[in-house]
Amino acid sequence: MSHHGPRLSTRSQQIVAGYASVAANFDVEKLHREQGVNIPTSGASINQCPHAAAARAAARMADDLASAARAKKSLDAKGSLAGRPVHHKAATESTKAKHTGFDYEAFYKGELAKKHQDKSYRYFNNINRLARKFPVAHTANPRDEVEVWCSNDYLGMGNNPVVLETMHRTLDKYGHGAGGTRNIAGNGAMHLGLERELRLHRKEAALVFSSCYVANDATLSTLGTKLPGCVIFSDTMNHASMIQGMRHSTPKRVIFKHNDLEDLETKLQQYPKETPKIIAFESVYSMCGSIGPVKEICDLAEQYGAITFLDEVHAVGLYGPRGAGVAEHLDYDAHLAAGSSPDPIPGSVMDRIDIITGTLGKSYGAVGGYIAGSEEFVDMIRSYAPGFIFTTSLPPATVAGARASIVYQSEYLGDRQLKQINVREVKRRLAELDIPVVPGSSHIVPVLVGDAALARAASDKLLSEHDIYVQAINYPTVARGEERLRITVTPRHTMEQMEGLIRSLNQVFEELNINRLSDWKLAGGRAGVGIPGAADDVQPIWTDEQIGLLNGTAPRSLRNAEKSVVDMRAVTIARSRFDVLLGPVYGELQPTEDFDTPAVGATFKAPLVDREVAHDITVSA
């Protein structure tokens, strides 16, 4: 401790002023230098050091607790201790213990103070989605119900009746947990069946992870570490999971401007074709709603010897004739004609993508993530990625529900079409009211606010005064000054609910004096809003023909008195996937309240699937 002597002697006035808890602490000194905190050698005040102030407050609290403990001990000495836990005395006395070194609690408090100061502190709302009333949830009070307008359960599959039926049956037969990692007791027929189902992407193999965050992180970190001299090219707006995967590996990282092909090519040109290269990007960017130039990036990858890593998290279930994502959607007619065949379509965009990652936790209403690619690639990740090897596998019921959801959506187009119709309607109404929406071709509806405090206030007002839950999105999820309300419209939102959202949002904008689109135009624009020409070329990726608007087959938005429709053909096929493990199911579904009951007497034929026997299903009274 002798090395502290000289430093303490020059800080005596600081110590007297209440700086004692951090003076001569080199870690805190370094923290001060990084944060720009300057403590003078004389005339110091406790207010100049947030860590000292926090320490003083903690010390006062400790003294109060100690005094209370002494008083309680005195009372206990006079009476019986019967009924008290054995650890009571030790727990009481532990309040007297104090750190004599680094003040950890003050450090934690200081870090949180920074989040509060820049308005990026995250508040979690208590929202409990109701299976029988989607998209309605209750708050902490079960009697207080709100409409949810920011869920990533994009299609309402979290309470689809065939999904719930499958999960209940699986739970009854196989129990709750998986029992271990995939390598030790946690690799079952349900997991293997789900990975076979992910032939949806027409790839040779797939691998399921506990989440797509883990899938992205584990895959990119493993590839980056194993590929010799690898360089990863990353879109500046890539998700945190991809960024973490790159940070956890050893290769050089090159960041290119968002969706900027010219910038990407310029940077690719700087490396020999023989250098291993990965281009990591997304198909749908969730906070702005833009869609990546998937085909054009494939062109550059082939030209410069790179492989492509495409995150389809916010696209699977929503795009393409079978819900395989944007890569499938770009060759819509070819994939529609190919049907459920797992065989690749040579030359298609999806075939040209090397690695696809997706999630089970958004459009499919479950939890988990996955990768899809060549058999050798998937086997290498399975064999080397710690994020896969050392994690308990997903519960069988969850896996079965996810598989049923994928099958249902791959066989039924109506939910995807209706979602697009509702998204178009909400965007149209917002534009009429001059409410600023970040331009994008996808289903995401990002309403620009441009201020963290205002975004939080708007979210709070919508929830407390209008029973509408829309989460504010602040830094670091989006850049400072680009704070927004991210609205997600589902096929289960009714016309009346959409009208209520628009009306309430308009009122909140008026009450909080939030910038309208016209205001952003006068200010020069921000985040693509109010910038001349920024929205000119933005067209929905779903065409009128694909939605069914041209031939009159498009589904119609629901009214409040109407119930969502379950497609019984898709139900039949989804059920058939589990005939071997769970036994065939005949008769009616047990519908949730907001689904129409299947028509009595309807008969459907299930196709041969996974070598399982086709059967007739009759829905009877």
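Here the Cβ of each residue, glycine as well, is placed from N, Cα and C on the backbone.
Record features (Swiss-Prot):
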type: REGION; residues: 76-95; note: region 'Disordered'
type: BINDING; residues: Arg122, Ser234, Thr477; note: substrate binding site
type: BINDING; residues: Ser286, His314, Thr359, Thr391, Thr392; note: pyridoxal 5'-phosphate binding site
type: MOD_RES; residues: Lys362; note: N6-(pyridoxal phosphate)lysine
type: ACT_SITE; residues: Lys362; note: active site
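The distance from the Cα of Thr391 (pyridoxal 5'-phosphate binding site) to the Cα of Ser234 (substrate binding site) comes to 27 Å. When each of the binding-site residues Thr359, Thr392 is scored by how many other Cβ atoms sit within 10 Å of its Cβ, Thr392 comes out lowest. Sequence-distant neighbours of Lys362 (N6-(pyridoxal phosphate)lysine) (same chain, 6+ residues apart, CB-CB distance under 8 A): Asn152, Asp153, Tyr154, Val313, His314, Val316, Gly317. Listed in sequence order, Met287 are the same-chain residues six or more apart from Thr477 (substrate binding site) with CB atoms under 8 A from its CB. Note: Ser234 (substrate binding site) has non-local neighbours Met242, Ile243, Met246, Arg253, Val254, Ile255, Phe256, Ala280, Phe281, i.e. same-chain residues 6+ apart with C-beta under 8 A of its own C-beta.
Here the CA atom of Ser286 (pyridoxal 5'-phosphate binding site) lies 18 Å from the CA atom of Arg122 (substrate binding site). Non-local contacts of Ser286 (pyridoxal 5'-phosphate binding site) by the CB criterion (under 8 A, 6+ apart in sequence, same chain) comprise His239, Val313, His314, Ile444, Arg486. Look at Thr359 (pyridoxal 5'-phosphate binding site): DSSP puts it in a strand. A sphere of 10 angstroms centred on the C-beta of Arg122 (substrate binding site) encloses 10 other C-beta atoms.
Every protein chain shown contributes to the tally, and the Cβ of Thr391 (pyridoxal 5'-phosphate binding site) ends up with 17 other Cβ atoms within 10 Å.
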